[in-house]
Amino acid sequence: EIQQYFLKEAAKYEKKVMVLDFVTPTPQGSSWGLGGTCVNVGCIPKKLMHQAALLGQALQDSRKFGWQFTEEVKHNWMTMTESVQNYIGSLNWGYRVALRDNKVTYENAYGEFVGPHTIKATNKKGIEKLYTAERFIIATGERPRYLGIPGDKEYCLSSDDLFSLPYCPGKTLVVGASYVALECAGFLAGLGLDVTVMVRSILLRGFDQDMANRIGEYMKEHGVNFIREFVPIKVEQVEEGTPGILKVTAKSTAGDQMIEGEYNTVLLAIGRDPCTRKIGLDKVGVNINEKTGKIPVNDEEQTNVSYIYAVGDILQDKLELTPVAIQAGRLLVRRLYAGATTKCDYVNVPTTVFTPLEYGACGYSEETAVEKFGEENIEVYHSHFWPLEWTVPSRDNNKCYAKIICNIQDNERVIGFHVLGPNAGEVTQGFAAAIKCGLTKEQLDNTVGIHPVCAEVCIQSHLKAHGILG
Amino acid sequence: ALGAEGAPRSGGGAAGWGLRSGAGAAPENEYDLLVIGGGSGGLACAKEAAQFGRKVAVMDYVEPSPQGTSWGLGGTCVNVGCIPKKLMHQAALLGSALKDAQHYGWNISQPVHHTWSVMAQGVQNYVKSLNWGHRVQLQEKKVKYFNIKGSFSDPHTVCGLTKAGKETVVTADNIVIATGGRPKYPMDVAGALEYGITSDDLFWLKESPGKTLVVGASYVSLECAGFLTGIGLDTTVMMRSVPLRGFDQQMASLVTEHMESYGTKFLKRCFPTKVEKLKSNRLQVTWKNADLDTEETDSFDTVMWAVGRAPDTKTLNLETVGVKTNSETGKIIVDASEATSVPHIYAVGDITEGRPELTPTAIAAGKLLAQRLFGQSSELMDYDNVPTTVFAPLEYGCVGLSEEAAVQRYGSDNIEVYHAFYKPLEFTVAERDATQCYMKMVCLREREQRILGLHFIGPNAGEVIQGFALGIKCGATYPQMMKTVGIHPTCAEEVTKLHITKRSGLDATVTGC
């Protein structure tokens, strides 16, 4: 997807542009069309399946609001997946058309450097072609990591497989504590499936840990099982089928205890690895971080080789988010071909985790704020809230939560925003814009709320300062 | 501050600011503060004053509607406004969700029917819990509550009768009038009062209103007609002229266009002439169609008037104490510190002239007033750039200037309007029509490109706009918006990607995922 944006940009400046895109099928055989992770096996199908789960909850709520239906409503995985895949197909098609309309040459081929300014493209049939270019942009993204244990590639799925799975996954074990793991576990449970999440240590590493734990608690209270401090050491097939039955053996990280469990599906969500090891970077001298595979770039997305750039998930020390990649790619092309100087602003990039209780965040977590500024120099304002729409159906009245972190030494500048509740992404976006404008606590207090919505709680002056991390 | 009227009481502070140091109520007054009206503004003011250790009393009284509807403590918002409105709007949205659910794989047989009484009971019970909550809060904060209809006998004395007929007299150093407003009835339509209801009654109906005619073009009219349509009722809106007067008219048209495709019927450029009751108990409405110059009739189960609200000042006896009101609107004239023309008498909320009729502004104004009176603060309420949302079936949220107002103030050559038609991701699989999903940002054209107004139609419009309102409070500019990275996939992110101007004439439809 990123390529679309900047390649369309480049073509706008009448540069001769080509894009190579190729999807190596997963161990299970899944593959997809043009558009990258976000469109095919990330943001888009994830949000649609999350929506399916939310609609299940809406069905429950609707009875209390007067809607009459007596039967227990069941979910059909195939109906949902077909609709989702059809929509994705339309996006793949849309990108093909857009590239063509912008006169960008597209090849469905695997690209790798073979020498300076030269790339070899191999298509599905194995036919090779060589291309030369003045400049190159690497945006190959990442793929899910496997555990490296017996049975992982043979029997386990990853997010690359889940969104096009042609059968209901059934009783599922999700291995991992990333947002991928929790978002998938969340919607699978919301669709009525028996879901267990196996976590090695903490949830959502890198995110505000108080918020992460609240997310976990909510999921637990709403039917997701958690196995904490265990890692799988082998996966065996008990029965073939769609789905079949798999036996998972796991070992405790805190001792010698071993456990076993049987599941229809095991979904691995333990991290993603950049696709940088097999594209000939060594042939042209592009440095990568040997341990992580990520590519270090300067603040203009340039690698150590002056004519080779990189954007997106493969970048070292940058956020793995679609809008960041798009922004970076667009601005890069403008700098290269339109004489612009604006660089991508990676500071205060907002994000949202689409777990059953959504979490929107922008800026510092409480821990990193304390670490950077010192506990005595930050003030935290917080509040629980009960969305009005949850009152009549008597849903949880103390789970939704908002937290604002301010830097006392800088005019009580808002340096962190966190909200846990419905439509967290919609709520957070505007706050991120305000933070970009240098929002202070005083300006927050002076802004009138919209009533009755969840977002207004974030600005209400009854937020109380509390003991930091207390 | 306005000039003082009548002899100032001893011990009073400067008119308009009311800063007092130390000391409790002057010996001859029983309370430091009396608030007349227990709604959003009044309660916020009273509770805040109580925090400063002051002796505070609240008088609240609900005159039953012509149809006999009444309610408890909390004012319009809690009982017959924001709260029940949003809950019934949610009921309607859930109806759409039920249809969507089928596309997302949920095996629910359509159509699903709605029972008014189940919804009404749920909503009314919640509202009653809020009434109770307010009573308890007042008690906890030691605020004295009088359920009486008060009227002034002098600038520091208010008296009234309890429901049981007992006369009560309350004296206070400072008095805040926060009696809000009530729906208007059309004066020139026979049968309007006897047979029609208003929003005061709608939310308390025990049985379904059935086939309903909503008369008016206000947000009250459109929001009510919207949710009535959404729960499956045959609903018609009759409008004399433009919808949502005072709001951006392009956005207002999109709202009504959506409602039409949603199933609400519109009788445009029509006004009613009489309402009669039929033997079947249905109501026969006769109206004039201004465009066709014809007279038409139809019958309805319910006729609801939503033709505006009038300030509730009739029984206050304002003339006796000299509190000035606007001759056209009847609202109380206040200055920037919420002071009326009489020293020590203030007003907040819907009753005040020139202020937005919104709960959050009333609450904020009430709190700040209490802080100025008793808390040594000098901070005034900032009524600029107040965001709001119309909870029509497709919600409309906005902050700042409408396009027309910006053009009028700055000239069309000096403003730039960025706009986009977009499609919420959730609409795709649900096969929902996104024709009216639209947003626009009105900016100054000069170098900095400060944002003057932001308008958004789509799901969760209030949630989207709130944060951007903060940005506008910080003086946000178009470049700052563009520097903000979007959250994907949301509707709100499209605001940070706006780049097609109206001036360019280019197609403003967002493509891609």
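Cβ coordinates come from backbone N, Cα and C, glycine included.
Quick look at what TrEMBL annotates:
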| type | residues | note |
| --- | --- | --- |
| DOMAIN | B:31-366 | domain 'FAD/NAD(P)-binding' |
| DISULFID | B:CYS77-B:CYS82 | disulfide bond |
| BINDING | B:LYS86, B:GLY150, B:ASP350 | FAD binding site |
| BINDING | B:GLY216, B:ALA217, B:SER218, B:TYR219, B:VAL220, B:SER221, B:LEU222, B:GLU223, B:GLY308 | NAD(+) binding site |
| DOMAIN | B:386-497 | domain 'Pyridine nucleotide-disulphide oxidoreductase dimerisation' |
| ACT_SITE | B:HIS488 | active site, proton acceptor |
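Shown for the domain 'Pyridine nucleotide-disulphide oxidoreductase dimerisation' (B:386-497): DSSP residue counts in helix, strand and coil, namely 42 helix, 31 strand, 39 coil. In this structure, B:CYS82 is the one among the recorded positions B:CYS77, B:CYS82, B:VAL220, B:LEU222 with the smallest number of other Cβ atoms inside 10 Å of its Cβ.
Listed binding-site residues (B:SER218, B:VAL220, B:LEU222) with a CB under 8 Å from any chain A CB: none. In this structure, B:GLY308 is the one among the binding-site residues B:GLY150, B:GLY216, B:GLY308 with the smallest number of other Cβ atoms inside 10 Å of its Cβ. The recorded positions shown are B:SER218, B:LEU222, B:HIS488; of these, the one with its CA atom nearest the CA of B:LYS86 (FAD binding site) is B:LEU222. For B:CYS82 (disulfide bond), the spatially nearest entry among the binding-site residues B:GLY150, B:GLY216, B:LEU222 is B:LEU222, judged by CA separation. Each residue contributes its Cα atom, and for B:ASP350 (FAD binding site) and B:CYS77 (disulfide bond) these two points are 11 Å apart. Comparing the Cα of B:GLY216 (NAD(+) binding site) with the Cα of every entry in B:CYS77, B:GLY150, B:HIS488, these being the recorded positions, the smallest distance points to B:CYS77. Comparing Cα positions, B:GLY150 (FAD binding site) lies closest to B:CYS77 out of the recorded positions B:CYS77, B:SER218, B:VAL220, B:LEU222, B:GLY308. Following the DSSP three-state reduction, the secondary structure of B:CYS82 (disulfide bond) is helix. In the three-state DSSP scheme, B:SER218 (NAD(+) binding site) is classed as coil. The domain 'FAD/NAD(P)-binding' (B:31-366) scores a mean pLDDT of 96 in the predicted structure. B:SER218 (NAD(+) binding site) has a Cβ environment of 22 other Cβ atoms inside 10 Å. According to DSSP, B:GLY150 (FAD binding site) sits within a strand segment.
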